[in-house]
């Protein structure tokens, strides 16, 4: 049985317990499709999709239906003309750099898009809402890129508000990991999705005023030991020398020719000066706000889950 307590707002599962909640949910992904969704260094396989993500997609499917009934009840109370109009269900996915939250978001998008009643599922990353490099330099916070203050939080909040309010088309800025900057004039157009997934480092943050996390209907925090995340970050950094960093136009092209030893030292410096402080100070404290925490072992596999029941 799942571990719970009458006085706790959470119920905890190991993977064996969680997988029983899949019920008859069919596996709709192929190995080839999963390969295209898997991030660099990720070890996710179809077994993990079946045992972790299918029960999760079933839970979200049930919550989408329940949330629509709640929205309809409020609309009826307000006397609106179309109380049954669908309101986009917004999911937040948070976690550290290199923890695998992007893979989680992509796999979830693929599974949810195949449910019968909500085929349109859009995914937007908060990278597009970083301030452009010129603005970060003007503010003197280029070294704080990825920290909460490096994002245009008002713009992100306005974007999600417009999507959830039913706007016919809303534009999300696009970020390039090659140029390490916002791409001028390029946008990801969101057109009235049934479900919108917002993935980013700091999406669960709160504040004295309305925050984007206040608009989430469901949220996921991808968790792991800090030491494991550091190791994954370093391994990913080493691998990027042969992929993204090898592009002559890449912002980090100067790392491409480093030896393993020098690249490891560079990655450790970035981790300890930027990514670890951001995780400890800003990201990790938001974990209790998540509806569901996915806990990874050192081999990247999800083996424990914590669901907020209240």
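Cβ coordinates come from backbone N, Cα and C, glycine included.
Given the structure is predicted, the values throughout are model-derived calculations rather than measurements.
Proximity of residue 100 (ATP binding site) to non-local residues of its own chain (separation of 6 or more, Cβ distance below 8 Å) is seen for 39, 42, 44, 222, 232, 296, 300, given in sequence order. Feature annotation from Swiss-Prot assigns ATP binding site to 95, 96, 97, 98, 99, 100, 101, 102.
Classification of residue 102 (ATP binding site) by DSSP places it within a helix. The Cβ of residue 101 (ATP binding site) has 24 neighbouring Cβ atoms from other residues within 10 Å, across all protein chains displayed.
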